[in-house]
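What TrEMBL says about this one:
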| type | residues | note |
| --- | --- | --- |
| DOMAIN | 118-186 | domain 'Cation-transporting P-type ATPase N-terminal' |
| TRANSMEM | 158-182 | transmembrane segment |
| TRANSMEM | 194-214 | transmembrane segment |
| TRANSMEM | 351-373 | transmembrane segment |
| TRANSMEM | 393-422 | transmembrane segment |
| TRANSMEM | 830-850 | transmembrane segment |
| TRANSMEM | 970-991 | transmembrane segment |
| TRANSMEM | 1003-1024 | transmembrane segment |
Amino acid sequence: MENMLKDFQVESKNMSEAAQRRWRKAVTIVKNPSRRFRMVADLDKRVEAEKKKLKIQEKIRVALYVQKAAIQFIDGAGRAEYKLSEEAREAGFSIHPDELAAIVRGHDIKGLKKCGGVERIARKVSVSLNEGISENDLPIRQKIYGFNKYTEKPSRTFLMFVWDALLDLTLIMLMVCALVSIGVGLPTEGLPKGIYDGLGIILSIFLVVMVTAISDYRQSLQFKDLDREKKKIFINVTRDGKRKRVSIFDLVVGDIVHLSIGDQVPADGIYISGYSLLIDESSLSGESEPVNVHEEKPFLLSGTKVQDGSGKMLVTAVGMRTEWGKLMETLNEGGEDETPLQVKLNGVATIIGKIGLTFAVLTFLILAVRYLVEKALNNEFTDWSSSDALTILDFFATAVTIIVVAVPEGLPLAVTLSLAFAMKKLMDERALVRHLSACETMGSASCICTDKTGTLTTNHMVVERIWISEKIVEVKGNAIDGVLKSEISGGVLGILLQSIFQNTGSEVVKDESGKNTILGTPTESALLEFGLLLGGNFDAQRRDFKILKVEPFNSVRKKMSVLVSLPDGGVRAFCKGASELILRMCDRVVDGNGEPVPLPEEQEKNITDVINGFASKSLRTLCLAFKDIDNTSNENNIPDNGDIDDTSNENNIPDNGYTLVAVVGIKDPVRPGVKDAVQTCLAAGITVRMVTGDNINTAKAIARECGILTEDGVAIEGPEFRSMSLEQMKEIIPRIQVMARSLPLDKHTLVTHLRGMFGEVVAVTGDGTNDAPALHEADIGLAMGIAGTEVAKENADVIILDDNFATIVNVAKWGRAVYINIQKFVQFQLTVNVVALVLNFVSACISGSVPLTAVQLLWVNMIMDTLGALALATEPPNDGLLKRPPVGRGVSFITMAMWRNIIGQSIYQLAVLGVLNFDGKRLLKLSGSDATEVLNTLIFNSFVFCQVFNEINSRDIEKINIFRGIFNSWIFLGVMVCTVTFQVIIVEFLGNFASTVPLSWQLWLLSVLLGSVSLPVAVILKCIPVGRDTTKHHDGYDALPTGEEDGEHQV
């Protein structure tokens, strides 16, 4: 089978257009293209959308880079006149929404100056740059300036899904057959007998269409909910004088937005203040060069990303008044990429469809030719009546229905159903799947490269120890104030508080109750909280010192620096960050009196020992340092504000000559349950590697606590890893369990080699802007929902909403469940295919009639297609899934065990139904005029019950105990009950339409018994050994076998 599916191979991520077009071309038999390809990318629409996008980007590029000529032209031609509405004037606004939007969109600096700059613009939109807007003004601002929402395509209605289901070519042909049958039957047999056959087909089609449409409509609602979750972005604003986090959709013109590294600019706006604000505009303009934003270049466009620095902006345009709004319209055109399983099952459906079409044509030809030969032998060839036409029509309807059953359109759609179900459940378990294929691929993950902070640890940080003035002080609650004051002088305490409060990207604000609240990263918050415990006053410190320049922390620099002017006129630089890095930058240390003294080599070694001692206790270590700068020698170089237009001032903040103030040890406890989750991964054949920017001793201590670092494992630092040759990397990578002091580039290199050298399916976590390349490169990129930046989330496939490692394990479990559920469904459907095809074909060849009519086959098709997918593709995962190795790349989807089950069950069912078909009357002593109808009804009933019990068998491909967890799957039980109930109704009450007759209780019992025998047959089959892959994993562990040896009881 795999050899026949060569054209149906695609990558799970970043698949090429050539591969996508190749498999589409290979799909030759499709009953209903509109439904079959609904969840598949429309490549032609994508091409059109890309053209639209390029046009918009070109327009933006002109505005950005040809603005001088454009503005000169506008000045020569005269500016457009805008008439403000009375409602806007009464609300206190004095600038038209379109005029305001045009200033930023066109980067019209002259227009901005003509309006009086950002301060006057703020007055025109009735807002204070310090206090922000009032919450009470939201409705009027939204009414006049618009909502921050984009035009979206209207949702598909239920009737559209009904129409899609009706477009099935075979159903249309059957409807025509039904209408012809009614047209011929009415004049010859009259009412009601003349319409039974045709009406039976129409009612069956109606049932199939409704069940299909309801299932598809529910899927669409699930995807819509998930799509809504994907678009949720929260940002920091100032409203009513307080900092708040609000949804991007609640943003209005006049809002004061706070931006930091990794944020997406949520609307068009004007820069108010900030430090080294660097904006990536490539998503809008297509230009890769980032842009410095400052007072002379103050325009910020919606949809761009903050690459570095921080700042405040005034929102001037939202929603469809921004270029991003227009661009967003084109982004979803063409749909999402199909998944590898969808493509593979399209291939399976095509191959089986060809076989089924051949059998259907042969069945029709055999039935028709045999009928014609019989007429000729009886000398009736020239004697034709309406009953003959109806017989030929029945043959054609049966052949068409065989195509309905034989072309398994439901296979690729079952993948979508299973993925939609898994994504919805994962959302409840705090994981947002952004791309369909990620959920599927995660089931094959063989390696997880995880961050430490916030993923393995709680991210609730507190300062636990501090080294200062050559003393180690343990921090114990609120008593630290008195303890530290008794240990160190006032001068030392003063410089410590300056180092904490001046050099921070976080803020201390008052909440609604008047209490201090810290806004910022957990590390910054821990330091600020410590400073407040020491009696420091954040507002007073910030009021007395003027910040000149800031270099924010990022994962490459591993430090944060700030330049401030002192109240007495001097200039001081503060620096904090990775302990060993900051220590190397210091040549002095604060003594017990708060005075800088030289730092001898011996004392530097002692401080290194202190750092290692803190780290070995799982503490995150930071060094705080400062440097006084000679103001006179630097006055020409130091900027008087944070608005820097180029990189010439990068060296204003020195990189050496600092004075060490303190070494801080911050406790970040390991999350409860992480050790168990890591052990679960190892049992599942998933290697866990910690990749962190922290000190190697801290990383090793945490890794041991989590169970990641073992005796024979390797812990390595990023610089050492980077310096290795390819051969050295190839030798050491399998043993690497911890990588400390790593750069984002190291993570990217590790992921690339794991995938390229060792064929691993790699999941990688990331939260920072610089993690984006690794997230993009990995098979599954996992972004953190709490600590993660918008840039990281945009490049990820799954967002872990609670930042918890245990949630990642859940994603892997559900990924495996999706894969195995589709395998179950495929096994079940192929068995029905084989039996229905062979039974009808052989019967047609031997007896000239088929035991299963069109209506009966339509019902069987619904059991095996929509209802079968509902039952088997939505089974919840069990813990046994994580006691077997992951499915490797290129492994055959239809396994030997599946073929064994399919062939074995098919042989049993065909043997039973064949005996009934050819010798049933004699064996069951059936006689009388209705003997044939009773026998055919018994065959139909037995066939259906064989499928019902085989559906139960399909709950587990390998294990004998197929009832385990059955009561946890309410959908499965519901489908079983509905199937049996409706089967009883068809046989006992709808005989006129379904060509059945009521059966005695003995024959009902016989049907159920014959069906139930497939259960012991399955037990016997599962005892037959089949070949297994016993390849050894490159990390050294042996693949865990499935079945009895996986640690679970079979029976």
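The first residue you see is number 1, and the count goes up from there.
Here the Cβ of each residue, glycine as well, is placed from N, Cα and C on the backbone.
As the structure is a computational prediction, the values presented were derived from the model and not from experiment.
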For the domain 'Cation-transporting P-type ATPase N-terminal' (118-186), the number of residues DSSP places in helix, strand and coil: 45 helix, 3 strand, 21 coil
Cβ-Cβ under 8 Å with the transmembrane segment (194-214): same-chain residues at least 6 beyond its ends: 35, 158, 161-162, 164-166, 171, 174-175, 177-182, 185-188, 390, 394, 397, 854-855, 858-859, 861-862, 865-867, 990, 992-995
Stretch in 351-373, 830-850, 970-991, 1003-1024 most in contact with the transmembrane segment (393-422), if contact is a CB pair under 8 A: 351-373
Other parts of the chain folded back onto the transmembrane segment (830-850), taken as Cβ under 8 Å at six or more residues beyond its ends: 352, 355-356, 359, 362-363, 366-367, 370-371, 374, 398, 402, 405-406, 408, 857, 860, 863-864, 868, 894, 901-902, 905-906, 909-910, 913-914, 917-918, 943, 946-947, 950
Distal contacts, the transmembrane segment (970-991) - CB-CB under 8 A, six or more residues away: 200, 859, 863, 867-868, 870-872, 874-875, 937, 940-941, 944-945, 948, 951-952, 955, 997-999
Stretch-averaged pLDDT - the domain 'Cation-transporting P-type ATPase N-terminal' (118-186): 88
